[in-house]
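Remarks on the structure that follows.
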Amino acid sequence: MCEGFRLRTKTTLLSNPRINETFSFVSGIPTDEEQATGLERRALQALKHGKDPYSMLKPKEYAGTQDEPHIVPSIGNKRLVGCLCEEDNTAIVWFWVHEGHAQRCPSCGSHYQLVHHELPH
């Protein structure tokens, strides 16, 4: 009687495609994406769609020109930026970048532009 119940349950699970997707133990071990919940699930889905929810990936490099300024993500309307200006320089030039058009470093002339960035949660 137990074996018949188990077989019938397995058949019911296989006949309903929605349940079959939810419970992957019928087809094998669930993947990380199938068993993730909450913020972890949202982060995995964002990475799957090519987004970087926690800024874990290396940012794209920009030339720093007026046409292609360095992108500065911010949740506010201004952000403090430090520029090294030269590769072997030991002094950092600090300045504020405000929302709107691109702004230049007062020392080397590299352009920076503030872009609004939403937090993942």
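Cβ from N, Cα, C; glycine included.
Copied from TrEMBL, the annotated features are:
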| type | residues | note |
| --- | --- | --- |
| BINDING | C83, C85, C105, C108 | Zn(2+) binding site |
All chains considered, the count of other Cβ atoms within 10 Å of the Cβ of C85 (Zn(2+) binding site) is 15
Least surrounded among the binding-site residues, given as C83, C108, when other CB atoms within 10 Å are counted
C108
DSSP output for C85 (Zn(2+) binding site) maps to coil
Same-chain residues at least 6 apart in sequence whose Cβ lies under 8 Å from C105 (Zn(2+) binding site):
C83, C85, V93, F95, H111, Y112
